[in-house]
Amino acid sequence: MVTKEEDCFPPTMETPRCYSPSSSTPLAELHSDRSIEIVESSFLSPVWLLVIFCIINLLNYMDRGAIASNGVNGNTRSCNDKGKCTLATGIQGHFNLSNFEDGVLSSSFMVGLLIASPIFASLAKSFNPFRLIGVGLTVWTVAVLGCGSSFAFWFIVLCRMFVGVGEASFISLAAPFIDDNAPQKKKAAWLGLFYMCIPSGVALGYVYGGYVGKHFGWRYAFWGEAVLMAPFAVLGFVMKPLQLKGFPMVRSIEVMTPSAASETLTNNNRLQVGNEIEHDQFEVSIQTSKLSYANAVLKSFTGFAKDMKVLYKEKVFVVNVLGYVSYNFVIGAYSYWGPKAGYNIYKMKNADMIFGAVTIICGIVGTLSGGFILDRVTATIPNAFKLLSGATFLGAVFCFTAFTLKSLYGFIALFALGELLVFATQAPVNYVCLHCVKPSLRPLSMAISTVAIHIFGDVPSSPLVGIVQDHINSWRKTALMLTSILFLASAIWFIGIFINSVDRFNEEETGSESLRTQE
């Protein structure tokens, strides 16, 4: 409704019309129609969402496998006693890196990932989470292009950090989207499919990096990854921003319609008083927009401490993450020291191939099985803890027994069974992370879980195991000591069965709280 005469064109105009946010002018109608279309239309079904997220996850871990492959990572130039030399290959050979520098290159990715994960999780309360994934994938794509175009060691290290930053948005926000859109009786199975892409992606990266690095050069491996990821980064911006449970609805109509009126009013004022007023209003509009974004970012970070306090008071979350840290401590050391331990204990000629094949097959089958089994017995937090504790305990028994055997074939058989059971934990452990907190805290729950399992799990495990081996000088004893930590993980998750747990997935108050925070 128009209540003031000055809101209309002067009587001298041919067609006096009033402009307000509710005006039905062509321009206002245009903005409103677009807004409604953005909010209501979508071509992305839940199944397609899962497929797209699985492909993105596959590409993320393919990058990790590719940079570790011989074709991309390579070796420095070396000569034997007879004077026969091997050519420098890959990144290490191109930049003449020491083993320490090569290790720094690998760990630099983790720096960006761990720092950015909580940041993206916090920003999800003020900005659409789906758009944040688009931002992250864009950063990832540009950073990977930078890796392929690197001219110095420091530059590729910096690019690897930003690759981690880009992946952080996806790691924090993808699982909650899958959890929202999965059928009620298939939530754990869908999570299993998503996390199955981790071992298969790493394995694909070994093959991809080895082939492309050998035939075209290590730079092309990175450029190829960027080309594959670019369409998904674009998709994060051009399609309708999906809504995440527990977060405020997209208010496109409310935001865009006033801007339509503002633009029309600006044109009106230009006809009346000239370009100066138009310029002033444009500057005010820009300043208001900047303040709005700044306030949103500030509100996200001021709420971070409060959310962290709520998270750490949730006993189910703390117990789940402590078990996950213990579990990842072993898995990380297995992936790094496993082939060397197998070679020294059982004199394996192809230790890399054997451990790689066992890990890939058991990782895929075990991860899928864990999700399907949890759905089969009814996905609840207590049932998830039962599966976590039971599978980890049995897996620890098989792996521990395997390292006591003298027979190579007996070792492979038992170790494969152990890894199959151990990998069945991926879907249940992430199911607990998603359902033990309010919907609005799920991104932060996933982010802090990721940070914890790396900082306290696989990152320190490899050097610590190396120190133990240096002191006792027995790979069999070292492997047995490492494997025994799986019993600790099983015991921690066993405690979770008896904690009074509440599935908070359907807590209605979260949505209203988020709206109040947003306003």
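Any Cβ shown, glycine's included, is placed from N, Cα and C.
Copied from TrEMBL, the annotated features are:
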type     : residues : note
REGION   : 1-22     : region 'Disordered'
TRANSMEM : 43-62    : transmembrane segment
DOMAIN   : 49-502   : domain 'Major facilitator superfamily (MFS) profile'
TRANSMEM : 104-123  : transmembrane segment
TRANSMEM : 130-155  : transmembrane segment
TRANSMEM : 190-208  : transmembrane segment
TRANSMEM : 220-239  : transmembrane segment
TRANSMEM : 316-337  : transmembrane segment
TRANSMEM : 353-373  : transmembrane segment
TRANSMEM : 385-405  : transmembrane segment
TRANSMEM : 411-434  : transmembrane segment
TRANSMEM : 479-499  : transmembrane segment
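The largest share of C-beta pairs under 8 angstroms with the transmembrane segment (220-239) comes from 130-155, of the ranges 130-155, 190-208, 385-405.
Counting Cβ pairs closer than 8 Å and at least 6 residues apart in sequence, the transmembrane segment (353-373) and the transmembrane segment (190-208) reach three or more and so form a contact. Across the candidate stretches 104-123, 316-337, 385-405, 411-434, 479-499, the maximum count of CB pairs under 8 A to the transmembrane segment (190-208) is reached by 411-434. The transmembrane segment (316-337) and the transmembrane segment (479-499) are in contact, since at least 3 Cβ pairs between them lie under 8 Å (pairs 6 or more apart in sequence). The average pLDDT for the domain 'Major facilitator superfamily (MFS) profile' (49-502) in the predicted structure is 84.
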